[in-house]
Amino acid sequence: MGITVRNLHKRFGEFAALDDVSLDFPAGELVALLGPSGCGKTTLLRVIAGLEHADSGQVVLQGLDVASVGARERQVGFVFQHYALFRHMTVFENVAFGLRVKPRRERPSEAAIRAKVHELLSLVQLDWLAQRYPSELSGGQRQRIALARALAVEPKVLLLDEPFGALDAKVRKELRGWLRRLHDDLHISTIFVTHDQEEALEVADRIVVLNHGRVEQVGSPQAVYDHPRSAFVYEFLGAANRLDGTVSGNGFVAHGAAQAIAVDADFAGPARAYVRPHDLELAAPHARAQGIAADVRRVVPLGGSVRVELAARSGEVLEAELDRNAWRALALDVGDALTAVPRAVRVFPAR
């Protein structure tokens, strides 16, 4: 089922949680709402679910304005960050709950409920835990059971509010891949909230970046990462080095640098340039005409890569990320002088 929201406004006192938000969510897509705390992503999810009401604007499900439709009638499945499983019920009973509390005329037979629950537990690969209680499960298992419970009532839309936020990093990574595979099997329209950039980039078909209640950018993960429309989007989507300087006909000149760096810019004047740590190449001093003079401040091994912290002569602190072969070839020590050469630079007007 496709979802459309039009001109949504929602305030909590003086705070604008949603400020004229309009979006289309095509049927069958897995869409991430990404942004910092307080950006409006959870409020938007709750308005779509019917758990909050917008001050103005429309929510359209299957072509119908559902402003006057309650949460229960919207046929939406909702999964919270903190599982919300019933502690006194077994896994089986938790998943069956939504089916058993349906109105009598809509309620399946007990045999049909049993079959449905076992089907869903098999889908989330936890059928063997049917008679366990939530206290006997790991965090990752509880969240998969919560998802099975949401799917039991066959929702038209699945809404996930930071579903993996309470889990440790290793389990989160495993469940991200599992959620993507599950979505590919079910093709149910899904919107999930996250502040984890890596999670959004890995799992989603499309990303909606929100900031201060407004939509900053919408697009595929690759498009949003490679072509950010604002400095906020660039910085939020991953580690970034920031350089202040000026754009002129020769390119971008960082404060304190002698040489311009070639950039693609449609403006001139004060600017802020960004470069990812993995796009910062390190070379011997004066080895490159275009580059930033810097000294090594710290070297941090990170498993398969090495992070090198640099003190630029212009005063900025920069980070470069090298693979271990490049690091060994450079034989860097703290205090060494070098030239940092940006391979891919994005510039935005200074504000």
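Just so it is clear, glycine is given a Cβ too, placed from its N, Cα and C backbone atoms.
The following features are taken from Swiss-Prot:
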- G35, P36, S37, G38, C39, G40, K41, T42: ATP binding site (BINDING)
- 3-237: domain 'ABC transporter' (DOMAIN)
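All features noted in Swiss-Prot, drawn onto the structure.
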| residue | record | contacts (Cβ under 8 Å, 6+ apart) |
| --- | --- | --- |
| G35 | ATP binding site | K41, H195, V209, L210, N211, E216, F236 |
| P36 | ATP binding site | H195, N211, F236 |
| S37 | ATP binding site | H195 |
| G38 | ATP binding site | H212 |
| C39 | ATP binding site | L210, N211, H212, G213 |
| G40 | ATP binding site | K10, A17, L18, D19, V21, L210, H212, G213, R214 |
| T42 | ATP binding site | D161, E162, V193 |
- Message: Taking 10 A as the limit, how many CB atoms besides its own sit near the CB of K41 (ATP binding site)?
- Response: 28
- Per DSSP, to which secondary structure element type does C39 (ATP binding site) belong, with helix, strand and coil as the options? coil
- Item | Additional residues around ATP, ordered along the sequence, whose Cβ is within 8 Å of the centroid of G35, P36, S37, G38, C39, G40, K41, T42 | H195, L210, N211
